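A short worksheet on the structure shown next.
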Amino acid sequence: MDLLKNKILSEGIALSDNVLKVDKFLNHQIDPELMVEIGKEFHARFKDDKITKVLTLESSGIAPAVMTALNFNVPAVFARKRKSLTFTNDLLSAQVFSYTKQETNMISVSNQFIQPGDNILIIDDFLANGEAAGALISIVEQAEANVAGLGIVIEKSFQSGASILKNRNYRVESLARIKSLTDGTITFAEDTE
Ligand code: G4P
Ligand code: NA
Ligand code: NA
């Protein structure tokens, strides 16, 4: 998606070899017009899939997820991050391991919002090692719903998440795929890579 790639090149900062800062339009300040276009693009890619809900993880996934859901005319649901492991039987939960923080956190969705028979499009802002995506998939499957695919705003193709998900036969549609952030330079992967 050229609009997004140009935004990443003009406003993104390669903070290190593996972290891209996009606080100007995605992770802190949000560009609404870009979010509208992102929603249209995910809709175009999954329009034949009979999506019944969009699922994301708070907080940065919410803006692209809502704009996507608007185009499908379905609700957007966001998993909440929970600090306690307290068991409650109306929650679908899964663990997310954070490499940067070296800790495991629970995320949860009320079972009233994902039901058997739902066809779920998972949206997230970043795909790095696939921990958050894997947890969202687990929640959908616990609900006996179907994962139609994953829509990712920015995939870091040099990390393991995209290949793990594709090896598990999930459809991954990433709007920008970053091959490298080495030496402060942002390099995109070709569509064939
Ligand atoms: P890691 O795999 O790179 O170690 O990331 P980790 O799971 O620890 O995720 C920490 C947060 O960082 C996640 O957001 C994730 O989406 C985000 N993230 C991962 N790689 C990048 C990156 O290169 N740039 C930016 N800007 N974010 C990245 P989160 O904690 O769920 O926060 P939020 O959704 O509230 O923003
Ligand atoms: Na984030
Ligand atoms: Na995120």
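Glycine residues also receive a Cβ, built from the backbone N, Cα and C atoms like all the rest.
Unlike curated records, TrEMBL annotations are generated automatically.
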Point to revise | TrEMBL xanthine site partner of N27, K156, selected from L20, L34 | key: L20
Review point. So of all those binding-site residues, L20, N27, K156, which one's Cα sits nearest to G130 (5-phospho-alpha-D-ribose 1-diphosphate binding site)?
Key: K156
Point to revise | Filtered binding-site residues, from N27, A128, G130, whose Cβ is under 6 Å from an atom of ligand 1 | key: N27, A128
Review point. What binding-site residues among N27, A128, E131, A132 have a C-beta sitting less than 6 Å from any atom of ligand 2?
Key: N27
Check your understanding: Could you count the residues of the domain 'Phosphoribosyltransferase' (47-157) that DSSP puts in helix, in strand and in coil?
Key -> 23 helix, 48 strand, 40 coil
Review point. Among the binding-site residues A128, E131, A132, whose Cα is within 10 A of the Cα of K156 (xanthine binding site)?
Key: A128
Check your understanding: Given A132 (5-phospho-alpha-D-ribose 1-diphosphate binding site) and L20 (xanthine binding site), what distance in Å do their CA atoms have, once rounded to a whole number?
Key -> 17
